[in-house]
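Asker: OK, Swiss-Prot features for this one:
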type	residues	note
DISULFID	225-227	disulfide bond
DISULFID	258-261	disulfide bond
């Protein structure tokens, strides 16, 4: 059974929708890029689950970024992805982190920045303070600010798995909250191990066995890095030829490592010369 799936569901007897996401292989692939401390592994797992839920909730075609910034020992944690739930992530930290460190302890004072870049149309950015204590509470506040929709979020992670649930009033029914309040109480009984070990149908049956739940086709979630040799070459072109030749003289080659995965791209003197030869040809073509 695949462990990297997002399920969407509706209640036929209530104006409420839900989502359930379970991550394993994609989460492990993301963690493999760096030797993250345990607390940071958990944070990235919650953030990956949160980004999956957010992406599936907002109807758009394009890219999404959910970024945590703070003045604590963790200065940055970010998940980037697209509407096809192809995600990647990275974090930066300094010093030792307690295994059970909370969000405020890890990031201090800071913000969650959610950026949507649609294939067509204008870019949108929402900012929420991290003062709400947990990542789930911050995401609930985001929906409260941007959509004005009652929303409940549950996020769980270990160093091996991540999972999450979202419960939300349908956009056209936000004034009717009785059903949502009832279902919220039921959803709050979910246990992390149930989300880690059980399939979606069994989880939903345990939570809502007296409700009429309609489960839709699952959506695959995957780890996918967008790095490439061409992108690395583009980054090198932002430096001058003199700077690059200085590095080559000292190192013999230039290695470009990706923060998001374990890929590395190596450039020698011939490669660098070819890059700037291409620039020269392009420049000449434009001036002719």
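Backbone N, Cα and C atoms are what each Cβ position is placed from, and that goes for glycine too.
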Asker: Run through the Cβ atoms and count how many others sit within 10 Å of the one on residue 258 (disulfide bond).
Answerer: 18
Asker: How many Å lie between the Cα of residue 227 (disulfide bond) and the Cα of residue 258 (disulfide bond)?
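Answerer: Cα-Cα distance, residue 227 (disulfide bond) to residue 258 (disulfide bond): 7 Å.
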Asker: How many Å lie between the Cα of residue 261 (disulfide bond) and the Cα of residue 225 (disulfide bond)?
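Answerer: On Cα coordinates alone, these residues lie 7 Å apart.
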Asker: Any idea what the Cα distance is from residue 225 (disulfide bond) over to residue 258 (disulfide bond), rounded to a whole Å?
Answerer: 9
Asker: Have a look around residue 225 (disulfide bond) and count the other CB atoms within 10 A of its CB, chains all included.
Answerer: 20
Asker: Could you find out if DSSP has residue 258 (disulfide bond) as helix, strand or coil?
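Answerer: Once the DSSP labels are grouped into three classes, residue 258 (disulfide bond) ends up as coil.
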Asker: Over all shown protein chains, what is the count of other CB atoms within 10 A of the CB belonging to residue 261 (disulfide bond)?
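Answerer: If we count other Cβ atoms within 10 Å of residue 261 (disulfide bond), we arrive at 19.
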